[in-house]
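These notes concern the structure reproduced below.
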Amino acid sequence: MPKAFQTIGLIGKPNHHGTNLTLKRLHHWLTMQGFEILVEERVAAEMGPKCNSVDLLELGDRCDLAIVVGGDGNMLGAARVLARFDIGVIGVNRGNLGFLTDLPPDSFEAALGDVLEGKFETEFRFLLETEVHRHGNMKSSNTAVNEAVLHPGKVAHMIEFEVYIDNNFMYSQRADGMIVSTPTGSTAYSLSAGGAILTPNLEALILVPMFPHTLSSRPIVVDACSIIKLVVSPENGDNLEVSCDGHVMLPVLPGDEIIIKRSHERLRLIHPKGHNYFHVLRNKLGWGSKLF
């Protein structure tokens, strides 16, 4: 029976003892089964000289499965790069909540063994593309799996901006910022700010104002194909930013326009058979179990 995957990439949180232990265990276990293993260069040095070390771009190009060991933050960082390649991604949870990391670190063998035999479910998650435009020219751009957030930089204060959906004016805002989230990100920063949870199969985005200076401003859900434009008032101070997944920061100046839209790239998540999104929500968010 042919293998579902031939070349497997290992990615993890650098300088983390628990992650290093799990990566070494994975490397040994997978090598004994005859897989070709590539290790992302930031963690390869901690695993000894026998590892085949590559950068993340080469790993994405050469592997057909990537195993990310860490928390959701590590998964997000890897996903923004790997989404451009034809590669499946599965996670081993070494973080806190772990909405995107299905496998337990101490007993991954059974579930991962089934996945490697072809017994798995595939789920696609779309990404956001964020661009900062200044005087009609694009100054910077990046992608996000969870959310793009306009905010005032290091010191929290109110900012003024206008919101357009498909070039239609929606409203002006005086707030600490704006979160534009995918369904994947709806259980992250957006949830903490009062946004609704969107199931992963929804083709939608949610806009969540951060501490708006009005009682009538509420989160709104729009079609995923909508083009969102945030126009920053020229009266704002400097040092504004747009953050992508809380990792990548794009500088924003007064008068800039931020364009947020669905990316052509998408993440191919691999889940063990029987994966249930609502079970994940109950487990991670402490929801009540069935009464009868």
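We number each residue from 1, going along the chain as drawn.
Note that Cβ sites are derived from N, Cα and C of the backbone, with glycine treated the same way.
Copied from Swiss-Prot, the annotated features are:
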BINDING   Asp72, Gly73, Asn146, Glu147, His157, Arg174, Asp176, Thr187, Ala188, Tyr189, Ser190, Leu191, Ser192  NAD(+) binding site
ACT_SITE  Asp72  active site, proton acceptor
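Locations of recorded Swiss-Prot features on the structure.
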| residue | record | Cβ neighbours (10 Å) |
| --- | --- | --- |
| Asp72 | NAD(+) binding site | 24 |
| Asn146 | NAD(+) binding site | 30 |
| His157 | NAD(+) binding site | 11 |
| Asp176 | NAD(+) binding site | 18 |
| Ala188 | NAD(+) binding site | 24 |
| Ser190 | NAD(+) binding site | 26 |
| Ser192 | NAD(+) binding site | 11 |
At its widest, how many Å does the recorded NAD(+) site span between Cα atoms of Asp72, Gly73, Asn146, Glu147, His157, Arg174, Asp176, Thr187, Ala188, Tyr189, Ser190, Leu191, Ser192?
31
